[in-house]
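Quick look at what TrEMBL annotates:
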type     : residues : note
SIGNAL   : 1-20     : signal peptide
DOMAIN   : 58-416   : domain 'Peptidase A1'
ACT_SITE : 76       : active site
ACT_SITE : 285      : active site
């Protein structure tokens, strides 16, 4: 579920990798990540409300088809179906050409894949005039894409996965065509039967994003390293009965509270629980940059953060300015100030685990935004209500320097603080 804001950060996987093979398939697959920060000129410049864009992504480079075609895909733990642009358009620099691949095979409507394995799609599949399985996908930033389901050979490093189901998309609407031009498609990594990690057959995967430099790691399989601290696990929230607003294949965990420098927000635990419709679940989503909280929780956190930062920060007094339509707590910081002041740590409290956000990860400098001699920084927690999202969403900005493990086999998410740049060096993956 991509919900992404304008840092224009690309995390790119390179083609070299470390593989540990069994006779049938790799037991562990490790890939390096590289961070690129694009020029601020790519971001929207506005003194008022900024538009909502899908333009901060984690991307992976791999090959698809026979002979192989190189593609770049957005890594998204909030989505199920992987897809590629299959039709050339003026705004697309990279597309997959199915006509040039001998291993490409469209999925007919009569196939069990079309009839049963698409049940978790938010929009039901249909049958096109050629009797092929047709899918339409929509995302939280109001973008949508549609096309046919197909099977194809995907290559990740030295490993290949024939018969991988994906969407070969030929039409749609994007909220940011500039960003679309940089990628070929999206890699769905949630718990659905058609997600990429499920089809690859790995019981778990992990990633680690550095907050210091351009390094990082993506790992499929077991992470057994002496330097990695024991992980704290929180169980996935699972329901047996389908509810209209509950995503059953998301990495949904239970947020139980929020602490600001030792002070727990005085909120009843019920405000963190999904209601009878399923609205209010907490999802861990690599397709989202920042973290979004439902209105009552966001307001309580915002007020407490303002109170604790009064001595060191000056609030931007402009009720008309809402960064990206969801982040309405911003500050004016003198441009000649060498660094941000000491800020209170915000800790997200889950069942069995915690994630702490501190220092520069709490405030984001808005590109091109200046008020007098001050830069404008915004609080990196936003209000889900302002985006029309009935959920709590934990974005990748707050996952920096945290080893994130998604254990499909045991239905849990594990976390441990780690210097991701050093982890990359230890694995020989420095880029």
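Glycine residues also receive a Cβ, built from the backbone N, Cα and C atoms like all the rest.
Calculated from their C-alpha atoms, the gap between residue 76 (active site) and residue 285 (active site) amounts to 7 Å.
Looking only at the domain 'Peptidase A1' (58-416), the predicted model's pLDDT averages out at 91. Just so you know, the Cβ of residue 76 (active site) picks up 25 other Cβ atoms within 10 Å once every protein chain is counted. The Cβ neighbour count for residue 285 (active site), using a 10 Å radius over every protein chain in view, is 27.
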